[in-house]
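Chemist: Copying in the features that Swiss-Prot gives for the protein in this structure:
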BINDING   Gly14, Gly15, Gly16, His17, Ala18, Gly19  FAD binding site
BINDING   279-293  NAD(+) binding site
Amino acid sequence: MSDSFYRYDVIVIGGGHAGTEAALAAARAGARTLLLTHNIETVGAMSCNPAIGGIGKGHLVKEIDALGGAMAKAADLAGIQWRTLNASKGPAVRATRCQADRNLYRSAIRRIVEAQPNLTVFQAAVDDLIIHNGAAEGDSVRGVITQTGLRFEATAVVLTAGTFLAGKIHVGETQYAAGRMGDPPATTLAARLRERPFAIDRLKTGTPPRIDGRTLDYTMMDEQPGDDPLPVMSFMGQVSDHPTQVSCWITHTTEQTHDIIRGALHRSPLYSGQIEGIGPRYCPSIEDKVVRFADKTSHQIFVEPEGLDVTEIYPNGISTSLPFDVQLALVRSIRGFAQAHITRPGYAIEYDFFDPRGLKASLETKAVGGLFFAGQINGTTGYEEAAAQGLLAGLNAARQAQALPAWSPRRDEAYLGVLVDDLITHGTTEPYRMFTSRAEYRLQLREDNADLRLTGVGRAMGLVDDARWARFSSKQEAVQRETARLSALWATPGNALGREVVDTLGVPMSRETNVLDLIKRPELSYAALMRVPTLGPGVDDAQVAEQVEIGVKYAGYLNRQRDEIARQQRHETTPIPEGFDYAGVRGLSMEVQQKLERVRPQSIGQAQRIPGMTPAAISLLLVHLERARRSQVA
């Protein structure tokens, strides 16, 4: 093999949702990239729930897509049941979710990975990092060493190990080392990382038992069909991309289920002290639900198909690590599950994660230059959160290899910006999940405008290909053209257009009104307006029509939010130099100094969001930074 086989710009460790997006982003950005995975067959595998999107999560998927990522495209090719959540609410909180055929999804991701120029995939477990100990410039990564002793060199390395770092599975009293059921853990790599100056702790997550769908009685459940018309996830997607559609089903636990669980809590690793890691608050185990909500006589379960060509179903809502005999009893006590056959047991898994306050906004570690972390190892939960971090880390790894400045979106620019800022500023003690409520500027950060917010940025950094750019540019021009067309038209009580509006829509017309302003009326929409003969038929692209309508209906709110953002941005990006001496700022309390030393914020904006930070402390920092700037100029 030639030396070039062992030398890359960027190496990505792990082929899950974070790893694939990281490798694809680095390669799209022009870096020669190597993706190392312990098993090529599991690249893009959905380890837990076979679904993509949801509240907050769908927003991240749209942002990944707007930046040229793969997740939305794969979801469109694999989604077998589609829903728009919060459809009756405002556009800021509407979210797309699909039930996915896990085999179709994995195959789609693998095809995308294998077709990507600049990207090489190699099957190998990584046991160690090659770290250069620089006396002056600090530690920096130089490559990796595999389980078989191969050494691959790179300028930047992205670690996306998921639950594999010292992973330990629990089923009742039984526990054993694993990355997920059926896969070995990264034990040696975890031990090597613990020798480095990283703050490491343990988290846990879990998954429910899988069931043979042929053994269920669906007559005892409520059918949950998908939406009609079907949504799409990718801005490049079409409904024709979707495979055959199927329904999900809803059932409930019973009082017998809860009695079985209560009677076996002493055998639960969650309650016996066997599991030390903290689990996800918003995806609790069925044991947790029964204990925490003791007054409830039943809990809802979503019966979700795993795919079109398999019989397994995913019972969403009964994640458990109880012993198998208890799992079988509790499953068979659920409505419609009396004859259920379990195909795989549920389990909990504990794993190492790193305090994300040890990361820069680029997701590069502060301790080791050129080393980036993404995904569950940063304390998050969920495919979407992992994939979004992967894209950002992969992009910035490529930019570092090319000696370009790092990029990270602000909180007002993307949910990805909210996610990263929350992690690196506040850290986390439990698996972090994205919600729309975490974003203070969510009216600006909608699913529908993710491309308008990010595709231009992605194009400038090499993430967006010509086809996506052409589609985006065409859409942007169409929105501007249609908005201009309607804004040039006026309806009055006495002119022909005004009479058409009154006759067609049945709305009163007492004064001259701009046609665009008609859309601001709660009872009117763009589609309704296009029924007026002179105005219709309008644009046939639903995305364009949606942008025209939202831009008009919410103009006042959006303008106010932009003004608020402008005020906030005054000092948001004021940089704080690396290695800044907080002890040298006179007037800072010891408590504030300790908080600042712990987080080491990169900007005044980040410093402002540290819990317990006071306006007075920020003022002192600004004064000190300004003095330092003036002294340098002088």
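Positions of Cβ are set from backbone N, Cα and C atoms, glycine also.
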Chemist: Calculate the distance in Å between the alpha carbons (Cα) of Glu287 (NAD(+) binding site) and His17 (FAD binding site), and round it to a whole number.
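Modeler: Between the Cα atoms of Glu287 (NAD(+) binding site) and His17 (FAD binding site), the distance comes to 28 Å.
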Chemist: Using Cβ-Cβ distances, find the residues under 8 Å from Gly14 (FAD binding site) that belong to the same chain and are at least 6 apart in sequence, listing them in sequence order.
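Modeler: In sequence order, Leu36, Thr37, Leu159, Thr160, Ala161, Gly162, Phe164, Gly375 meet the Cβ cut-off.
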Chemist: Please determine which of the binding-site residues listed here (Gly15, Gly16, Gly19, Gly279) has the lowest count of neighbouring CB atoms within 10 Å.
Modeler: Gly279
Chemist: Going by C-alpha distance, which of the binding-site residues Gly279, Arg281, Ser285, Lys289, Phe293 is nearest to Gly19 (FAD binding site)?
Modeler: Gly279
Chemist: Find, among the binding-site residues listed as His17, Lys289, the one whose Cβ has the highest number of other Cβ atoms within 10 Å in the structure shown.
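Modeler: The residue with the most neighbouring Cβ atoms within 10 Å is His17.
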Chemist: Just to be sure I understand the packing, how many Cβ atoms besides its own are within 10 Å of the Cβ of Glu287 (NAD(+) binding site)?
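Modeler: Around the Cβ of Glu287 (NAD(+) binding site), 25 other Cβ atoms lie within 10 Å.
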Chemist: Calculate the distance in Å between the alpha carbons (Cα) of Ala18 (FAD binding site) and Phe293 (NAD(+) binding site), and round it to a whole number.
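Modeler: Cα to Cα, Ala18 (FAD binding site) and Phe293 (NAD(+) binding site) are separated by 34 Å.
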Chemist: Could you work out which of the binding-site residues (Ala18, Val291) has its C-beta surrounded by the smallest number of other C-beta atoms within 10 A?
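Modeler: Among the binding-site residues Ala18, Val291, the sparsest Cβ neighbourhood within 10 Å belongs to Val291.
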Chemist: Please work out which residue of Arg281, Ser285, Phe293 has the most C-beta neighbours within 10 angstroms of its C-beta, and give that one of the binding-site residues.
Modeler: Ser285
Chemist: Other than Gly14, Gly15, Gly16, His17, Ala18, Gly19 themselves, what residues in this chain have Cβ atoms within 8 Å of the centroid of the FAD site's Cβ atoms?
Modeler: Val12, Thr20, Glu21, Ala22, Thr37, Val43, Thr160, Gly162, Gly375, Ala386, Gly390
Chemist: Three states by DSSP: which one describes Phe293 (NAD(+) binding site)?
Modeler: coil
Chemist: List the residues of the same chain that sit at least 6 positions away from Cys283 (NAD(+) binding site) in sequence and have their Cβ under 8 Å from its Cβ, in sequence order, or write 'none'.
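Modeler: Set apart from Cys283 (NAD(+) binding site) by at least 6 residues yet with Cβ under 8 Å, we have Thr205, Ser319, Thr381, Pro431, Arg433.
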Chemist: Which of the three DSSP states, helix, strand or coil, fits Cys283 (NAD(+) binding site)?
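Modeler: Where Cys283 (NAD(+) binding site) sits, the three-state DSSP reduction gives coil.
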Chemist: If one measures from the C-alpha of Phe293 (NAD(+) binding site) to the C-alpha of His17 (FAD binding site), what distance in angstrom results, rounded to a whole number?
Modeler: 33
